[in-house]
Amino acid sequence: MLRSLARTALAARAHIAASPVATPTAKTFYSTALRSTAIPVGRKTGHIAYNSIRSFATESSTSADQDQEERVIGETKKKTFQAETRKLLDIVTHSLYSEKEVFVRELVSNASDALEKLRHSQLTDASLDSGKPMEIHISVDEAKNTFTIQDFGIGMTEEEAISNLGTIARSGSKAFLENLEGESGAASTKDKIIGQFGVGFYSAFMVGSEIKVYTRSATPGSKGYCWTSDGSGSYEIAEAENVAVGTKIVIKLRDECKEYAKEAVVEAIIKKYSNFVDYPVHLNNKKINAVQPLWTKDKNDITEQEHIEFYRYVAGAWDNPQFKLVYKTDSPLAISSLLYIPQRHMEVLGMQREEPGVSLYSRKVMIQAKSKALLPEWLRFVKGVVDCEDLPLNVSRELLQDQSLSKLRQVLTGRVIKWMENEAKVDPKTYNHFFEEFGTFIKEGVCTENESTRPNVAKLLRYESSAGASGDVISLKEYVDRMKPGQENIYYTCVPKRKFAEESPYFEEFKEKGIEVLFLYDTVDEFVVNNLRQVGQHKLVSIDAADIKDPVLDGSSSKDGAKDDDKKEEDPVAKEEAKLEGERVAEWFRDTLGMQVRKVDVSKRHMSHPAVVTEHDSPAVRKMMAMMSGAAKVGEDNLPPTPTNLEINVHHPIIKKLWSVKNQDPAFARQVAEQIYDNALIAAGVLDDPRSMLKRLNTIMEASLSASASSKSKDTVMQSKKIEVVEGEKV
């Protein structure tokens, strides 16, 4: 009796569901009544429950129940793929995709398209209805080694199944889009349709030994069908009963692909590729895609909390974003992006180099995770999402077909630079804090960008200067805006600390004349200025450069504007004698120092030091050469010092006294000359190892102290004699 009643109920249900005149309301009423039908079974009461009519909004059936629902009832028709199609199928299965896991992305995208087609079609035909919520359901079964995905979308007729599934590279979505031309609401639908090539379904053969597709069109009165293939070159199609409107794909996984029957593995893949599709995705009755694609919303509609949560999701971080950018444009490419700058980065702790932080999407489906092609490497600290709807992807949707990615990279790079520049104008204090943390990345950008982009990156640089207090930084533009009238160059010095800069012999003249100097503290700054070379029409010049040409350094004025013309006019004869004397001193230094110097000149600088060196190696270059040579091997033989130009201050007391004693004690005079040269190298920051001069320095100090003691002793004796004579006279 129970079996008879069940058969009667099933027959009635099938009759009403297939009836072309039955309304959606009637079907829903019958479904509700049937679910509430109670049939006594012994001492218990059982409910007839049909998973094909159960709403997934409240509960979902298990994969076992779903496998029992559909049943082939019609004649099986066996068809063979065409020879070209078999070749394409082999390519898709073995060569098209770089990772097998993308079959999940492809099938979810197809399911999303099917739901979107139904939604759009219902705008003009209210009779189209699946009777189910617009959702995608995936179930995996490790025991049965199966992967099942089901949507309640537009479904397919027998002809559509043969056409779409039996022919590779025929895209039903593409054909649907072509038919949309001119229809109302077509624009919004086009933006949501993902498929283009008609090969995504066949990616399932990468992991499946057999695939069954149950499908039924949403058109009233449509029958259900079962399409089956093992991918070897043929497929079967037959009428089936108990098939829900939409499409259900059951994949029997290969032995080497059993991992895709694990819930955790599939969940990670869905979140990686398909977390932002338009429709809910359920895995074993649990909703997976809970994060909204915020980049599709208007920036004014996104709350601060939503920004924080989305940033933490895409960046895998726990802090809050420091800056955020919602960027949308239609030209030259349709771009929707949401980008963030973190509070800090991990490279500062000496950890491994950060990976790129921006992922590429197309129509909310991920194409490249942490894409290296979207932004230059120096912007790897930027986190977020870029969605480009009209990217010309290749068939696998993993690569681009032309140079559009290069264009996309150019557009995004320019926009990110402008974004940071605007942040600096809006909130200089916050930006300066950002630069303190991320300045190394900006400097890397100046060194690596092309000639056209480099000046824009340079606008983001910040440095201390001699005109400001310690800790205060300025941009290069600010420096240019307050340059002295007639000043041609931007002056800088590379030193580890501000104190070293202010005490530098090279800085004295600039300080005296009131010329601002930028203080560059990082080793990489030398490479920055060497790559940048100039800002606008103004060259970047180090204050330790030789023969600097600039009207403000011609000696005509000082810091307070006082003229040097009121200096006492020197006697021409005395001036010539002083010149010749200076040349003789320079020649003696040249002979004494030998190959250590290229040449020795009398300095024209205003300085209080005995000597300086010019035309020397960059300290950063010396350090890099030492690292390349190996720390244990660095030495005079492996890394010999490069000869420099020495400028001596003949008016300095040390030089004068040295010149007077050189004939009396040549050995001592030589040691003093070498020490003067080493001191100049230290001031320039290019002496590799100061320990090399310790022995000489001790000898000089010993001689100086001995001379001082001898002088004091002589003075004491003379003074004692004077006292004795006086006292004797008194006696």
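Positions of Cβ are set from backbone N, Cα and C atoms, glycine also.
These features come from TrEMBL:
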type     : residues                                                                 : note
BINDING  : Glu106, Asn110, Asp151, Met156, Asn164, 171-172, 196-201, Thr247, Arg397 : ATP binding site
REGION   : 552-579                                                                  : region 'Disordered'
COMPBIAS : 560-579                                                                  : compositional bias 'Basic and acidic residues'
Cβ packing number for Asp151 (ATP binding site), 10 Å threshold: 31
Number of other Cβ atoms within 10 Å of the Cβ of Val199 (ATP binding site) across all protein chains: 22
Asn164 (ATP binding site) CB neighbourhood, other CB atoms within 10 A: 21
